[in-house]
There are 2 protein chains.
Amino acid sequence: MSEIRKDYVTDTWVVISEERARRPKDFIRPRPATNGGVCAFCEGNEKMTPPEIYAYRNVGTGPDTKGWWIRTVPNKFPALKIEGRLDKNSRSVFTQMTGIGCHEVVIESTDHSRPIALMASWQVRELVEMYRERLMDLSKDRRFKYILIFENHGQEAGASLEHPHSQIIATPMIPVQVAGELRGAENYFTDMGGECIYDTVIREEIESSKRLVFENSSFVCITPFASKYPYELMILPKRHCSSFADCSHEEASDLASILQKTLHALHTILDDPPYNFYIHTAPVNSREFPFYHWHIEIIPAVSKMAGFEKGTGFFINSISPENAAVHLRSYGQESNAGADGQTATAGTNFRVPEAS
Amino acid sequence: MSEIRKDYVTDTWVVISEERARRPKDFIRPRPATNGGVCAFCEGNEKMTPPEIYAYRNVGTGPDTKGWWIRTVPNKFPALKIEGRLDKNSRSVFTQMTGIGCHEVVIESTDHSRPIALMASWQVRELVEMYRERLMDLSKDRRFKYILIFENHGQEAGASLEHPHSQIIATPMIPVQVAGELRGAENYFTDMGGECIYDTVIREEIESSKRLVFENSSFVCITPFASKYPYELMILPKRHCSSFADCSHEEASDLASILQKTLHALHTILDDPPYNFYIHTAPVNSREFPFYHWHIEIIPAVSKMAGFEKGTGFFINSISPENAAVHLRSYGQESNAGADGQTATAGTNFRVPEAS
């Protein structure tokens, strides 16, 4: 019997329908051919990108030259541009604004072929630091209401370049997806006399262990109860906090560790699948959001959104989050290598919950 | 400069960002290989599907035998099943229901390789009639709150079988996407003293012609002002009516005609692209929805939903609906053949608006 589940926070539902027992290999899809040619994100090709905004680089090296380990540059084909005035106009049912915002690219390392799952662990820590610094810097522009940090990995997940990179888009309004989470979280907070819904989720998921994938001192990684997509994951800080910008130095390090462990698990059991992840943090330049709890959502791009999902917003997921969690937790056993040499330390400090 | 546009009805936004002049050929993607083998939907293989629910067939032929021209059968791997009790339970933040509903497949014709774009026009009229009859029949089950009729065409749009077929899923709740439209339409109706927002859209779009693609006596086909996807289309009845079930016989015939014309235009200019379409009609077994206006949305599956769209619900569309409308209207000129012999009459009774 299939089951319909409601998202904790928003008023969206998902059908969990496992007609046939699904194993990770059922979700592995043929990989498209990679595009050859010169990579604008590789070291030595700094002049091929727009001038850099900010970089972590060796002392004495100048902007747009070699010597960096993480580099943030404007997107060459930005969806939204930073120059101009924010004009809004409405005529009858037609409302439009100028496309003010910004669109940056974070080049995650000089290594063209090593995604986060396989990077040196110090590099992932630096990347998390870069995300946080860009978020804080962009928040200063009062025209922006939201800043989304996200990664598209693999062509099927929308990445047009292979070299590991993330993107940051700042928008002049709070996006509908985030607005829905804020509304749901605020309602729960009000109804429960100041209790955070995400805190409840974390407590329940640690207690039951059924959907708990990884855990360290500061974070949990779970498969959400109403997962819309196969092997969907959520990383949440244990400490209640509405903004990713307020991470402590120790939390940032724990985040790097659990993010890499999670992406490495996906890499192993789904054979380097295409995926998207994004950070859901509180809006900027707006009111306070004491009821919100920032988190990261990770979505492997292994299923297709078809007419039913597009027409209803109601998803059909062919693997239960409980089974997905079992597969993900077991990844150490399925991969002989575990993490590669450079990431060998990424696994320390982890407690793998026992299967219930 | 890119532009941000708000959906007429819901509180969702889209970025129209045409960095490079985009032509239809930029959206043509390589087609995956078709799967060989015996087709369960072809004539003579009726025993390969679950027993038929309803069919249009020649007098004297029995169920699950040859002699039909449209056949509705249960989905062999249903997302939701019709048997069982509708149980809902909540514990803490976890709310779930049994997966009650139904999932049917409409086999659109006996011809394996002729999609709606290329079918005989009488066949499309019969198909629209079948949709309407199934909607009315399923509405009688009081457990269902919504019935979505949709088509996935092509593997990239989620179709797992090549033989032309549509699907019908009945759900025990009103889906979030529809709820958003109902809310937006009701707010407008209340604010404007009983004016329907879709009526306003139709009037404005006919007047300006900028996004009007096709029009006949009963319907318009437009590219929505805040189109989320390249070449997204919407077909709306000119007569205000909340439910597709209330179509007159003449309207059903005009609908078949404009639907085929529209799908044929897509077929021609985008080289038989994968697409989804679905009918948005009022919920069933609920209150009245005098402010709602049923319609069909058609979405070519030629772009990818990446991290930004998944994380925000805010879409980036790389072709403006005005340019998409120009390309779609010109399809008669781009294709030498126009509609093939069998569909030659599909184009009559159409007024192609002049480009503004």
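Each Cβ is built from the backbone N, Cα and C atoms, and glycine gets one as well.
Because TrEMBL annotations are produced automatically, they should be read as predictions rather than curated entries.
Of the residues B:H112, B:H153, TrEMBL puts just one in the Zn(2+) site with B:C39, B:C42, B:H163: B:H112. According to TrEMBL, the feature region 'Disordered' maps to residues B:335-356, out of the candidate ranges B:5-26, B:71-92, B:335-356. Ranked by how many other Cβ atoms sit within 10 Å of their Cβ, the recorded positions B:H112, B:H163, B:H165 place B:H112 at the bottom.
Listed in sequence order, the residues of the same chain lying 6 or more apart from B:C39 (Zn(2+) binding site) and placing their CB within less than 8 Å of its CB are B:N45, B:H112, B:L161, B:E162, B:H163. Non-local neighbourhood of B:C42 (Zn(2+) binding site): B:T110, B:H112, B:H163, each in the same chain, at least six residues away, with C-beta under 8 Å from its C-beta. Confidence for the domain 'DUF4921' (B:128-323), expressed as mean pLDDT, is 95.
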